[in-house]
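Engineer: Residues or ranges marked as signal peptide by Swiss-Prot: 1-19. Residues annotated as disulfide bond in Swiss-Prot, with similarity to another entry given as evidence: C45-C99, C46-C61, C49-C95, C51-C59, C69-C76, C73-C88, C78-C86.
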Amino acid sequence: MMVLKVCLLLVFLAGVTTARMDLNHLIGSNHHDSSDEPSESSEPCCDICVCTASIPPICQCTDVRLNSCHSACKSCMCTRSMPGKCRCLDTTDYCYKSCKSSGEDDD
């Protein structure tokens, strides 16, 4: 009976570790250091956009933002951490303009 409990504990820990590793992929270093200001989080823009070679293309923004997705996002997924790290799961047939081009004018 003790062996069964130890095996179940090991399976549980392996599952938790795997889930945490997937979360680390989501909250990697490619995120915007944005604040809670609505103007910044609501502007639809994307720095890392991936598209298929199909016609029409299927594009998805892989940027990770803090606390919220832009206002045009219909399916936003966030971590439960503080601050939350969010990624828009929408697919479109185009890429939004780059976020970096709008933020670099503040130098």
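A Cβ is built for glycine as well, from the same backbone N, Cα and C atoms used for every other residue.
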Engineer: Report, as a single number, how many Cβ atoms besides its own are within 10 Å of the Cβ of C95 (disulfide bond).
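Structural biologist: Taking every protein chain into account, the count is 17.
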Engineer: I'm trying to understand the geometry here, so how far is the Cα atom of C45 (disulfide bond) from the Cα atom of C59 (disulfide bond), in Å to the nearest whole number?
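Structural biologist: Their Cα atoms are separated by 13 Å.
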Engineer: Pop the Cα-Cα gap between C61 (disulfide bond) and C49 (disulfide bond) into the table, whole Å please.
Structural biologist: 4
Engineer: From the Cα of C76 (disulfide bond) across to the Cα of C88 (disulfide bond), what is the distance in angstrom?
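Structural biologist: C76 (disulfide bond) has its Cα 4 Å from the Cα of C88 (disulfide bond).
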Engineer: Which of C46, C61 (the disulfide-bonded residues) has the most other Cβ atoms within 10 Å?
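Structural biologist: Answer by Cβ density within 10 Å: C61.
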Engineer: Closest to C69 (disulfide bond): which of the disulfide-bonded residues C46, C51, C78, going by Cα position?
Structural biologist: C78
Engineer: Reported as an integer number of Å, what is the Cα distance between C99 (disulfide bond) and C86 (disulfide bond)?
Structural biologist: 15
Engineer: Please give me the CB contact count at 10 A for C59 (disulfide bond), counting all chains in the structure.
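Structural biologist: A 10 Å sphere around the Cβ of C59 (disulfide bond) contains 17 other Cβ atoms.
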Engineer: At the Cα level, what's the spacing in Å between C86 (disulfide bond) and C51 (disulfide bond), rounded?
Structural biologist: 20
Engineer: Including all protein chains shown, what's the count of other C-beta atoms within 10 A of the C-beta of C78 (disulfide bond)?
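Structural biologist: Looking across every protein chain shown, the total is 17.
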Engineer: Which of C73, C88 has the fewest nearby Cβ atoms, counting only those within 10 Å, among these disulfide-bonded residues?
Structural biologist: C73
Engineer: Taking DSSP as the reference, which of helix, strand or coil describes C73 (disulfide bond)?
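Structural biologist: Where C73 (disulfide bond) sits, the three-state DSSP reduction gives coil.
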